[in-house]
Structure formats: structure tokens, C-alpha cells
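> Grabbed the feature section from TrEMBL, which reads as follows:
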- 17-81: domain 'HMA' (DOMAIN)
- 100-118: transmembrane segment (TRANSMEM)
- 124-140: transmembrane segment (TRANSMEM)
- 161-182: transmembrane segment (TRANSMEM)
- 202-222: transmembrane segment (TRANSMEM)
- 356-378: transmembrane segment (TRANSMEM)
- 384-411: transmembrane segment (TRANSMEM)
- 698-715: transmembrane segment (TRANSMEM)
- 721-739: transmembrane segment (TRANSMEM)
């Protein structure tokens with residue numbers, strides 16, 4: 001028998017793959033820029049290297065071997081590996097901590113002796129040398145080793161600047177001590193805030209070598225800790241999931257690792273346990289705490305047939321859930337991917353910073369050489385010239401530039417995820433700044449998207465409770481959405497409903513059956529009219545008013561008479577009016593867009609305070625409406641939740657999908673609001689704008705610092721030790737400013 005030819009999925013085989021790598025050894029933005037440049041030279045590879053997250057996101061041809069990428073990074077002098085899926089390795093942080101503590105203990109006395117001449121004693125310089133040597137050699141070893149590795153590859157980074165500066169100060173001090181007059185009896189070493197102008201090699205700068213090493217180590221240690229804090233939201237998100245699960249097998253519970261759970265498995269969730277994965281409740285009812293995924297503080301009631309999300313907490317009764325998504329196909333995994341994509345990408349402003357960082361170090365070395373030559377040409381001593389050049393080397397640091405955007409994105413995207421807002425990439429932030437018009441889809445966005453009982457109108461000789469009880473009992477046997485709404489509200493208001501007999505559904509018209517011995521008919525007016533049950537003038541007028549408002553009026557009759565009508569409608573969410581007011585405060589003009597008729601749309605718009613309405617819109621009309629607003633010079637944001645909104649979401653300058661909507665809408669959007677509250681869309685725009693403002697503030701500080709500090713150092717107005725402290729402080733200020741985003745408060749929580 002011949003073997004049939006193997007079928008090949010060509011779409012899958014040619015689709016590019018996304019590879020993520022964890023990189024160690026980067027010490028500044030120049031390192032990230034260098035690695036990115038190396039990777040992008042490979043055929044078919046597009047890479048983004050993020051200094052703050054210490055990761056590379058690579059798009060490569062299908063089947064591309066990650067070892068090629070890792071080898072290229074290693075040849076550049078760094079280490080790389082595929083993500084291990086575990087908690088961050090703290091060995092690097094622990095090593096930094098040990099070196100920092102040692103530097104504090106040893107450098108402290110050196111700096112004190114240099115700054116307070118009264119504490120000097122005979123041959124104190126030799127004590128400074130003894131204390132400084134381990135600081136420079138061991139504590140500063142990471143700088144020198146990285147600088148040497150980079151030198152072998154013909155490149156210069158921040159480590160090059162620090163290593164050159166500290167070694168120059170250290171070796172010059174040894175020369176002054178051994179060859180010069182620094183250790184002559186009575187020789188004073190007055191500490192100066194600026195570069196000294198006197199000449200002979202009688203000054204030692206051990207405090208500069210030790211102090212700069214100390215300050216740079218401190219800056220890196222706190223910078224790394226701050227970056228960990230900035231990325232904590234994503235790590236919390238990734239650790240939310242359950243580790244094991246109680247699966248029902250042959251009627252018995254068996255606890256298995258979560259990795260072994262498959263789609264279709266039924267599992268038990270007890271009160272207080274996390275729901276293992278996305279699924280549908282098949283038995284039981286409970287309340288589920290969804291705060292960690294949506295930011296919503298009120299638990300959600302669920303029962304049989306309701307969907308539940310993995311990682312949420314069961315706070316009520318026992319549930320049996322059938323798994324509908326596992327592993328990377330869960331909502332939690334999708335959220336994590338979106339958050340990481342936002343954190344690892346680059347905003348437009350960051351690309352300018354990257355270009356500057358890429359040439360920054362060679363330029364600084366050139367400036368330091370020019371400074372040395374300038375001071376010598378002006379007739380100053382080699383000591384003075386060398387000190388000014390060392391100050392230039394040490395104060396100039398591209399780290400603040402490299403951290404300006406990624407740290408803000410780390411914190412902003414993480415805080416957004418905590419509030420139930422997912423940012424689909426950093427470029428989205430740019431769009432939020434200029435948006436001036438927000439188009440709101442009606443169904444499921446400003447309204448609940450679910451039919452709800454809004455009115456019960458009994459006729460003569462009929463009371464409200466009886467009318468609703470009979471209608472609810474009969475509709476409870478139907479699966480129609482309108483019927484389910486009537487039955488649900490009737491049960492909620494009246495309690496247990498009677499069970500009808502002789503139930504019959506009449507396609508397209510309604511239902512009939514016997515309730516409490518009475519022949520009850522519920523449905524369209526023509527169904528009851530055909531059975532001789534006609535509405536009186538008052539009920540007919542009430543039905544007409546309801547239909548004019550876009551509501552659905554259902555007629556109820558028994559014993560040969562039309563007894564009244566029940567009215568159901570898609571109701572406005574309680575928070576929608578407040579959300580519209582918040583949009584207006586942000587400077588946005590709201591526009592209501594709906595496929596409903598003009599009368600219904602106008603009524604809802606009036607209730608929400610929206611002046612501009614576009615009604616009777618098909619999916620194509622929605623795209624046309626967005627494009628027409630754009631042609632008028634408007635920058636348009638669109639909020640929607642359905643398949644019919646997807647094209648309009650994609651056409652808008654900024655698309656926001658309600659997380660209660662369809663996957664198609666969510667995939668077409670730039671921002672996804674996990675909770676169904678429209679005010680969360682306000683949060684999405686506010687937080688995006690705040691994150692963008694933080695990025696711009698960071699970049700302004702980083703550029704301004706270097707523009708001001710380098711000339712001051714070159715002119716001899718900064719002692720190299722203070723230059724080192726200023727350099728470390730600049731990076732910490734940028735990270736600290738970004739961390740302020742963690743305090744962003746939601747309008748939903750404030751309401």
C-alpha cells in the first residue's frame with residue numbers, strides 16, 4: 001500500500017515566528033542598541049532589544065533556530081537564553097549588593113579622609129591606597145571586565161567611560177604617591193568641589209576612584225531593583241494561575257498538575273480556590289472575585305452555563321467547570337502577552353533616544369580627549385587637565401536616555417493591566433495624545449447588550465404581580481432571549497414560578513400553555529388577536545410608545561382577554577452617563593453610533609448627554625462614519641465590542657474594545673478594556689496620556705542633564721566624585737519618575 005502524500009499547511013510553514021530572549025550583561029542603553037543592530041543584520045530578522053526589561057523580541061522566518069541569535073549576542077560580548085518561565089534570577093542583584101556593601105565599607109573612610117583635611121595623619125595616603133584598591137579592582141570588576149570585552153569587539157559603552165575614569169584617577173594617584181610629592185611630610189590634600197588649578201603631581205584622587213565606583217554601583221543596584229519593581233505587575237499577572245486542579249474522572253476527583261489539564265475536562269473549584277483555567281460552569285452557583293484581572297471590586301455571580309476565567313477566585317459555593325481553554329489559549333495568557341508586548345516595544349520618542357545612545361559614548365570619549373588637550377593648551381598642569389577629562393568621562397551617561405521610555409512603559413502597562421486595561425503596543429500612546437473625538441457604539445458599550453424587563457403594564461381587572469407571574473412561568477420554558485429576560489426578572493421579583501403544562505411554541509410569534517389551570521398566551525399582538533384577544537386603547541397606546549422608544553412589547557392574555565403587556569429593552573449601563581461626562585472633561589467630543597433607528601438612538605443620546613448621533617448604521621456605514629469624521633480633521637477614537645464594530649475599530653486612529661465583546665473586535669483594537677464598564681475606557685485614555693507625559697518628562701530630563709552636565713565638567717566646575725554621584729542620580733530620577741505611575745487612580749474606583 002502506498003503512503004499518501006503528507007499535507008503541508010503552507011500558511012503555517014511560511015508564517016514568521018516570534019522569538020523572545022533574555023539577555024544578561026547589558027549595562028546601558030548603548031549595549032541594547034548594539035545588540036539590536038547586530039541582530040537586525042541577520043537575514044530575515046527584525047529585533048527590538050529593551051534595556052529596561054533585559055529582553056529581545058525577535059521576528060524571524062518560520063523554523064529559525066534561536067541558537068543563531070544567541071550565538072550572535074554572545075559574540076557581541078553578552079549572554080542570552082530562551083525564557084525559562086520561572087521567577088527572575090536574583091544572582092546578579094545579589095552580586096551587586098555584595099559589591100556595593102563592600103564599597104560602602106571601604107570607600108567611606110577614603111572619602112572622609114579626602115574631604116576633611118583635619119582627619120589627615122602621616123602617610124594616610126597609603127591607607128587610602130590600601131582601601132581603594134579592592135574597591136576599584138573587585139567592586140568595580142564588572143565595569144572593567146565589560147569594558148575590556150567591548151574593547152576586544154571594537155566598541156565603547158558606559159562601562160568604558162566608568163572604567164577609563166576610575167582607572168585614570170586610581171593610576172594617577174599611585175603615580176603621584178610613588179613618583180610625585182603626594183606623600184611628602186606636611187603635604188595637604190584639600191578637597192575641592194571643582195577641579196583644582198594647581199600643578200605638581202602632589203594630589204591623589206583615591207576618593208574619586210573609590211567614590212565613583214561606589215556611586216555607580218549604588219546607581220546600578222537601585223536601578224535594577226527599580227526595574228524589578230516596574231515589572232512587578234506583569235510578574236504578578238503570570239503567577240495568578242493555579243498550580244494544580246481537581247479533575248473529575250469517572251465521578252471521582254483526581255488532583256493533577258495544571259499542565260495536564262485538557263480542553264473538555266471537568267474540574268471542581270471549592271470556595272476560596274482559584275479557577276484553574278477558562279471554562280463554562282456545568283454545576284453549582286457562586287460569586288467569583290475577578291478583581292485581579294479586571295480591577296472590578298464587586299464579585300460576579302455565576303451559575304450553570306456562565307463563562308468563568310482562569311485565575312479568578314471562587315468566593316462562594318462549589319463549582320464544577322468544563323475547561324474551554326488551557327495553557328496559552330486562556331484569557332490570562334492573552335493578557336500577559338499584550339502587557340509584555342506593550343512593555344517590550346518602543347515608542348517613537350525612544351527610537352530617537354536609541355540613535356543618540358548609539359553614538360553617545362564615542363562622542364563623550366572624544367570630548368574627554370578634547371578637554372584634556374584644551375586644558376593643557378591653556379597652560380594648566382596635567383593633573384588639572386586629567387581631572388577635568390575624568391569628570392567628563394564619568395558624568396556622561398546614556399543610561400537615563402535608555403531608561404526614559406522603557407521604565408515608563410513597564411510601569412504604565414503594568415498598572416493598566418491591574419485596572420483591566422490592555423495596551424496593544426507603545427505606539428498606541430502617541431495616538432491618545434491627539435484624539436479629540438470619541439465614537440461610542442451603543443449595544444454592549446453604552447448599554448448592557450442584554451434584554452432586561454423595564455415595565456409591566458396591566459390592563460383593567462388585572463394586577464401587576466399576576467400578569468408578570470403568568471408571563472414569566474410560560475416564558476421560562478422558552479429559550480428566546482426576550483423570553484429569558486422576562487422569566488429571569490419575574491423569578492427575581494416574585495420567587496419560584498409555577499411550571500406550565502401543555503406548553504407550545506409558535507415560531508416567530510410567541511408561546512402558549514396552561515398555568516394554574518388557565519390557558520395563557522404570550523407573544524406578538526397578532527398571535528393574541530388571532531385568538532380573539534384584542535388590546536384596549538390604553539394598552540395599545542402604551543405598546544406604541546414602547547416600540548417608538550425602541551423597546552420590545554410582549555402581549556399577555558388568558559381566558560379570552562388581553563390582560564396587559566410586559567416591556568423589555570437593552571438598558572443603559574449605570575456608569576455610561578458618568579463616562580460620557582469624563583470623556584468631555586478630557587476634551588473629547590462624544591458621538592453615538594448605532595444600527596438602531598433614529599428614534600431609539602436619540603432617546604439614548606439625550607439620556608447620556610450626547611449631542612451628535614449617527615443611527616441606522618450598518619458595519620460599512622460605521623467605517624464610513626469614522627472616515628468622514630477623520631476627513632473633517634478629527635482624530636477619532638472608537639469604542640465597540642461586536643463583530644460589526646471590528647472594521648470601524650481598525651479604521652479609527654485609536655480603537656478601544658470592551659473585553660465583554662467578541663475576539664474579532666478585541667483583535668482589531670489598540671486598547672482592550674477587560675471590564676464592561678465604559679468608565680474603564682476613560683481610564684485607558686487617561687493612563688495612556690499620563691504614561692506618554694512621563695516618557696516625555698524623562699527624555700527632557702535625560703537630554704537636559706547631559707547637555708548641562710558635560711559642559712560643566714569640561715570647564716572644571718565639577719569634582720569627578722560629584723560627577724559620579726550626579727550620573728547615578730540621573731538614572732534613579734528617571735526610574736523614580738516612572739514609578740509614580742503606580743499611584744495612578746481609576747475613575748471607577750473614585751466614583
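Positions of Cβ are set from backbone N, Cα and C atoms, glycine also.
Note: TrEMBL annotation is automatic and uncurated.
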> Between 124-140, 161-182, 202-222, 356-378, 698-715, who has the most Cβ pairs under 8 Å to the transmembrane segment (384-411)?
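Between the candidates 124-140, 161-182, 202-222, 356-378, 698-715, the best contact partner of the transmembrane segment (384-411) is 698-715.
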> Quick one: do the transmembrane segment (124-140) and the transmembrane segment (698-715) reach 3+ CB pairs under 8 Å, ignoring pairs fewer than 6 apart in sequence?
no
> Going through 161-182, 202-222, 356-378 one by one, which has the most CB pairs that fall under 8 Å from the transmembrane segment (698-715)?
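Looking only at 161-182, 202-222, 356-378, the most contacts with the transmembrane segment (698-715) come from 356-378.
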> Could you give the residue numbers and ranges of same-chain residues that sit at least 6 residues beyond the transmembrane segment (161-182) on either side and whose C-beta is under 8 angstroms from one of its C-beta atoms?
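Contacts of the transmembrane segment (161-182) (Cβ under 8 Å, skipping residues fewer than 6 from its ends): 125-126, 128-129, 132, 136, 140, 143-144, 146-148, 189, 200-206, 208-209, 212-213, 216, 361, 364-365, 368, 383, 386-387, 389-390, 393-394, 396-397, 720, 724.
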> On the DSSP side of things, how many residues of the domain 'HMA' (17-81) fall into helix, strand and coil, could you say?
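Result for the domain 'HMA' (17-81), in helix, strand, coil order: 22 helix, 22 strand, 21 coil.
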